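Take a look at the structure set out below.
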Amino acid sequence: MISAQNLVYSLQGRRLTDNVSLTFPGGEIVAILGPNGAGKSTLLRQLTGYLQPDSGECRLFNKPLNEWSITELAKHRAVMRQNSHMAFPFSVQEVIQMGRHPHRTGNQDNETAQIMALCDCQALANRNYRQLSGGEQQRVQLARLLVQLWEPTPSPKWLFLDEPTSALDIHHQQHLFRLLRQLVHERQFNVCCVLHDLNLAARYADRVVLMQKGKVIANGKPQDVLTQQALTMLYGADITVLKDPANHSPLIVLDH
């Protein structure tokens, strides 16, 4: 479980998170949605311990984040940021193996190979990371996070992803979310991601959180949260919300 209680964070007189309280029990994919500047990435950084709130508290497995050591926290949660630049010309395999650093032990070769296959990175293994496309880099970073959290015996872990599909083609978007579902169901992973694609959230998320001006304005199942009234008010766009015939999830369409 991860929880946030009364999070407040201001920068240059602007509240980026405004009295945010949330509890995610785990065993689900959570999507945080909202327009640009809503506070989504700021909230994610607070939930992961990278940014201390001005007031309020975050807990992971009922323990305050500021009471975790950096090493132990890294074994229980992993974070993909929007941009992951490398200053040196590491190979893809070297970047992925960096995920084992908190464990102070090398990962088994067969497990690394398994994770690279899960993330469709095998063909990239010997490539220079800095020469990859944005989508290829996102796949490599996901593999690094899985190597960081992977244990022989599955145990509860948290995976935080900030716009993980921003550079992915449609095939790899589908592949990513199918993999995340597999990790939730088979490896006791819990996933929290910031997204801009409303239809991906509607199709794959178990829970949706809507943010506006630093506040959480809705939190619940996609079919309850992603309504035409709520989305029109939030984004100011002309849209129609239909029902996906395949799974009855919301289907958001831009009007002409």
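From the backbone N, Cα and C atoms, a Cβ is placed for every residue, glycine too.
Swiss-Prot lists 2-238 with the feature domain 'ABC transporter'.
Per Swiss-Prot, ATP binding site is recorded for G34, P35, N36, G37, A38, G39, K40, S41, and the stated evidence type is sequence analysis. Around P35 (ATP binding site), taking its Cβ as the centre, 15 other Cβ atoms fall within 10 Å, counting all chains.
Here the binding-site residues are G37, G39; the one with the fewest Cβ atoms within 10 Å of its Cβ is G37. Ranking the binding-site residues N36, S41 by how many Cβ atoms sit within 10 Å of each one's Cβ puts S41 at the top.
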